[in-house]
């Protein structure tokens, strides 16, 4: 009853909270220009939202450099009941905004330049650039350079550069061009030319950056020998044709990866939208001051990185409010919008819930991985480092917080391809998966590639040796192989590392599939395999007491019994009918029994005894004399020869082989039952195989797997292996056969592979599309295969290092020494037979004693004395041959002493006694 009451209370509370969550969420928007691409991106992103709650924008066009106007607009929107505000700021207004947000607990999401603040209610969409910039400067080994900056953007990047310069003894000339005139630019570059300063860092927002680049072109400071680093995240948004033609070297950063499917898809959707409802304003960046630095021609439909951040900002708000709705958190303002200018300021009670929800959002957006730390700043992001020389634009590396600057292979189209690969360091992405890649036990004592061991580690070394390049192994960050997200259409895992330029080669157990082949290139397979089923090894069947009967079916045993009885009866009959079985027998020398007193040895009991002796391969002291009897005996001997030989051959296997009964033997068995759950890796080719399969059995299995509760999918192969071992036979894991065979060879040796492979596929070495490494790597794999090295590597890591014996788990039957339980039934029969013999002997003795007592009239036999005399018989003389003849024609003589048979019986009134005369 209490459970029912608690259930209704919970349901009621959930309904109340769910009902209090607003269906429409008011959000604010502060934009400097209604015709900007960022404004259009904001409206377009809102139009793409389909899940509740609905976001209703309150957009204001404001001068973001005017503190008074920004304050008024901000307070106006807050008083209208907005739940969060999206907008831009400048150096003059950023402190005012952060102060209001902290006091009122209202969240401000911005793509503007990041600032140093402890205010957690300001969510900064733009990643920080200073660490990446310093890494690039160190990469080029600059010791002396000019730093041109715009004070409106803030001084955080400059401050970090100057601090690093002090540590590394760099000579940095910082120039603020905030108020620089046309004449000022000319004098600046003349001074730089006089000092031979040709290494320049330009740190400005996009519009001012265009102005500076045009001034450089106009003053002809874009010739050979000049090297510019643009501290901006939209390198591909700018047309640098004049710099390329003049020979200048330009390096920059790119946040939006145009080769990714997400930006391409979003831009295509935007292009196809109604121009009147979602105007594509400022797709082409406006010319600065009438001068023409044109928008890039690298992408026909150019998307500025600030517009991409705006689009991602709307998604951040949408997902945060959707999560709050799912959690049934009440954020309604209940008609009290709050006073922005109250003194003291009254913070909004629900603001902290919204702030937490915003910071917990994580997804793959236009600007890459969107994730925030506890301070509201971007984390776990990637910046692509792009370089332009006279021979064109190319990516030279990428930067992230964990690895810093990672140089990547540069694919040049000139010269000998083999020569261009020599002496370069490539990033080889892989995954920790036994036995392919494993950390050594003492890995902390090594550095670089020496920390790892395994099949793929040795394979990568062999390929590098054959191709002729240096490499560095990098473990994939998310620990996944690679699958496309159905919602965002982005790739994760090792495939994502290749697609997004963070790695050059993938040497791992990566399955060659169609969807992967569309975005990356594969070599020839270095290992063939298929999907297989792993289950927990069932318990060995315990042998029964009468397991020695198992070699022959019970029907055969019954037929043998009937054959034994039938042969004995036939032998008895033919012996009775055949005159050659009747004969006389001599009992004493020179004396024969009368001719009319002939005997026949094959009575019914002797016939049974003869058949039993022949069946047991022991023989008997009697044999048939007649031809008919010998025919019966011969066919019976032949019959027993075949039966006993067959039984003996099977008995050895049945008694020395322990059998295991598997609950399933194939995928069909899995699909037909519901007791044993089964699943695959959460992100990988096995899951894709079942999802795309059109075979009825596999479709049925996929329907079960995707709807099973709890989920049958696992994040890693190790998790699947542990689940199999702990499930007590109630979970089967579907994985590649090679991994299944390896796990089967590892302790505690309690898993096994059942059935055949469900498909046929291969592992290949992957490279990015169009990579210069593709052909050399492919040839190296073929050469290693022809040399037999691939097979040697597999034997080394699978079987030579196995822990479950040479037999492994390939066979479900394991030979072992006999135990008592295997033959216990034989001992039981022996003991039972001995006991039965003793019982029969006692019965015979009692029966014969009673018969003799009745036969001897006038004599009385005392049972006790009879027993004593019987025991002492061995010391008495043997009786003379007398009495009737037995079944085999021999005379039956009772083992009673003669003296005892002639003792008269004496009667007394007080009892009975025996006179011992003659004894």
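Using the three backbone atoms N, Cα and C, a Cβ is placed for every residue, glycine included.
These figures come from a predicted structure and were not determined experimentally.
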Looking at TrEMBL, which one out of 458, 462, 736 binds L-glutamate in the same site as 509, 511, 516, 685, 686?
-> 736
With TrEMBL as the source, identify the stretch among 231-252, 253-274, 275-296 annotated region 'Disordered'.
-> 275-296
Which range of 529-551, 552-574, 575-597 is transmembrane segment, per TrEMBL = 552-574
What does DSSP call residue 691 (site 'Interaction with the cone snail toxin Con-ikot-ikot') in the simple three-state scheme?
-> helix
In the domain 'Ionotropic glutamate receptor L-glutamate and glycine-binding' (435-500), how many residues does DSSP assign to helix, to strand and to coil?
-> 27 helix, 13 strand, 26 coil
Pop the Cα-Cα gap between residue 484 (site 'Interaction with the cone snail toxin Con-ikot-ikot') and residue 664 (site 'Crucial to convey clamshell closure to channel opening') into the table, whole Å please.
-> 32
What does DSSP assign residue 75 (disulfide bond), in three states?
-> helix
Within 10 angstroms of the C-beta of residue 75 (disulfide bond), what count of other C-beta atoms is obtained when all protein chains are considered?
-> 16
Between residue 804 (disulfide bond) and residue 783 (site 'Interaction with the cone snail toxin Con-ikot-ikot'), what is the CA-CA distance rounded to a whole number of Å?
-> 32
For residue 340 (disulfide bond), which of the recorded positions 484, 749, 783 has the nearest Cα in space?
-> 484
Row residue 664 (site 'Crucial to convey clamshell closure to channel opening'), column other C-beta within 10 angstroms, all chains, value 20
Minimum Cα separation from residue 691 (site 'Interaction with the cone snail toxin Con-ikot-ikot'), reported as the residue among recorded positions 484, 749, 783 that achieves it | 484
Which one is it: of the recorded positions 75, 484, 749, whose Cα lies the shortest distance from the Cα of residue 783 (site 'Interaction with the cone snail toxin Con-ikot-ikot')?
-> 484
